[in-house]
Ligand SMILES: Cc1cc2nc3c(=O)[nH]c(=O)nc-3n(C[C@H](O)[C@H](O)[C@H](O)COP(=O)(O)O)c2cc1C
Ligand SMILES: Nc1ncnc2c1ncn2[C@@H]1O[C@H](COP(=O)(O)OP(=O)(O)OP(=O)(O)O)[C@@H](O)[C@H]1O
């Protein structure tokens, strides 16, 4: 039976931290779906620069990703109900609480485990592994 994994995030300006996360999530199963956050749900940091469809299309073009889709604007559990995954891979720094997600999955009758992915450390060549830090660097050097 196919083991389906879901990953999620904003993915505004793609960097090797995203690639690391999606490779790790893909390795948790056979098929990887990625839910791309809607601007209205990105309320804990500055709004994304790129439109949602562009963020979805870039993520969807990555080799590890089977399908990228736009998230639901009102209820983040709707895409999960549609995809019915076996695993939700939370990013290393995602603010979501794994226990709270598991409780909601149970309430909705979705049989799925929640795993926490690891973070990628910057390599020797001073990789910039955060969209916010890439934007800060652009403003510093080109602003
Ligand atoms: C299991 C799960 C499902 C999500 N589904 C959606 C969704 O359907 N729509 C959406 O806009 N955001 C969704 N999100 C929220 C975003 O993916 C995301 O966590 C947040 O808005 C963006 O912040 P981040 O990139 O720092 O994680 C989901 C998050 C989780 C953990
Ligand atoms: N360095 C990293 N290592 C591993 N995973 C990462 C890394 N950076 C981001 N991710 C994961 O990628 C997903 C999407 O992240 P997001 O779009 O918030 O990027 P970000 O670079 O963390 O953004 P920002 O720096 O603007 O907060 C999240 O699940 C996040 O945990």
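For all residues, glycine too, the Cβ spot is worked out from N, Cα and C.
Keep in mind that TrEMBL annotations are predicted by a computer and have not been checked by a curator.
Annotated in TrEMBL:
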type: DOMAIN; residues: 6-135; note: domain 'Cytidyltransferase-like'
type: BINDING; residues: 10, 11, 15, 16, 17, 18, 93; note: ATP binding site
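Around the Cβ of residue 16 (ATP binding site), a 10 Å sphere holds 13 further Cβ atoms from the protein chains shown. With DSSP classes pooled into helix, strand and coil, the tally for the domain 'Cytidyltransferase-like' (6-135) is 45 helix, 22 strand, 63 coil.
Packing around residue 10 (ATP binding site) is summarised by its Cβ count: 20 other Cβ atoms lie within 10 angstroms of its Cβ, all protein chains included. Here the binding-site residues are 15, 18; the one with the fewest Cβ atoms within 10 Å of its Cβ is 15. A Cβ distance below 6 Å to any atom of ligand 1 is met, among the binding-site residues 10, 16, 17, by 10. The 10 Å shell around the Cβ of residue 11 (ATP binding site) contains 25 further Cβ atoms across the protein chains shown. Take the CB of residue 93 (ATP binding site) and look out to 10 A: across all protein chains shown you find 12 other CB atoms. Predicted-model confidence for the domain 'Cytidyltransferase-like' (6-135) is 96, expressed as mean pLDDT. Among the residues the record lists as binding ATP, namely 10, 11, 15, 16, 17, 18, 93, the two farthest apart have Cα atoms separated by 15 Å.
Summarising the environment of residue 17 (ATP binding site), the number of other Cβ atoms within 10 Å of its Cβ, over all protein chains shown, is 21.
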